[in-house]
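Enquirer: Encoded as structure tokens, here's the structure I'll be asking about.
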Amino acid sequence: NNCPQDWLPMNGLCYKIFDEQKAWEDAEMFCRKYKPGCHLASFHRYGESLEIAEYISDYHKGQAEVWIGLWDKKKDFSWEWTDRSCTDYLTWDKNQPDHYEGKEFCVELVSLTGYRLWNDQVCESKNAFLCQCKF
């Protein structure tokens, strides 16, 4: 694994939690600027969710929810990853996603589920966030 020391290696990619709270779009831009090819994290199987959840529980300071790279760009429940990978796996918290009040189009890991399950949230909300990079 070529990941820097405080990054989590998984399936050839590296993941890191950033505690600084940002709106979803600012978080995605931060990941992209960190290094070419970086994005907010995408998930493709349950095992990844569990490994990430454990990593975040160990390293995340504070109770903030955590942005990941999934969003409903078209606002019609057609969820897309910012790294353009296939949306082949979803693990929503109960009764989610709900586009609550027609305003929630970005996806966060829910702290009350141990960061295992997802909720759609207002994109302007300030959250911690998870970047995914290749090194």
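Cβ atoms are placed via backbone N, Cα and C, with glycine included.
From Swiss-Prot, for reference:
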type	residues	note
DISULFID	C3-C14	disulfide bond
DOMAIN	10-132	domain 'C-type lectin'
DISULFID	C31-C131	disulfide bond
DISULFID	C38-C133	disulfide bond
BINDING	Q96, D98, E104, N119, D120	Ca(2+) binding site
DISULFID	C106-C123	disulfide bond
Enquirer: So which recorded positions out of C3, C14, C38, C106, D120, C123 end up within 10 angstroms of C131 (disulfide bond), measuring C-alpha to C-alpha?
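Expert: Candidates kept after distance check: C14, C38.
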Enquirer: Where does the mean pLDDT land for the domain 'C-type lectin' (10-132)?
Expert: 97
Enquirer: Return the residues near C133 (disulfide bond), defined as same-chain residues 6+ apart in sequence whose C-beta is under 8 angstroms from its C-beta, sorted by sequence, else 'none'.
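Expert: Spatial neighbours, sequence-distant, of C133 (disulfide bond): W7, L13, C14, Y15, K16, C31, Y34, K35, G37, C38.
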Enquirer: State which of the following binding-site residues has the fewest other Cβ atoms within 10 Å around its Cβ: D98, E104, D120.
Expert: D98
Enquirer: Residues near the Ca(2+) site, Q96, D98, E104, N119, D120 excluded, by Cβ within 8 Å of the Cβ center?
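Expert: What remains near the Cβ centre is W92, D93, P97, H99, Y100, V107, W118, Q121.
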Enquirer: When you measure from the Cβ of C123 (disulfide bond), how many other Cβ atoms are you left with inside 10 Å?
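Expert: Counting Cβ neighbours of C123 (disulfide bond) within 10 Å gives 20.
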Enquirer: With DSSP as the yardstick, break the domain 'C-type lectin' (10-132) down into helix, strand and coil residue counts.
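Expert: Counting residues per DSSP class in the domain 'C-type lectin' (10-132), I get 31 helix, 39 strand, 53 coil.
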Enquirer: Just the number: how many Å between the Cα atoms of D120 (Ca(2+) binding site) and C106 (disulfide bond)?
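Expert: One finds 5 Å between the Cα atoms of these residues.
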Enquirer: Looking only at C-alpha atoms, tell me how far C106 (disulfide bond) is from N119 (Ca(2+) binding site), rounded to the nearest Å.
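Expert: The Cα atom of C106 (disulfide bond) is 8 Å away from the Cα atom of N119 (Ca(2+) binding site).
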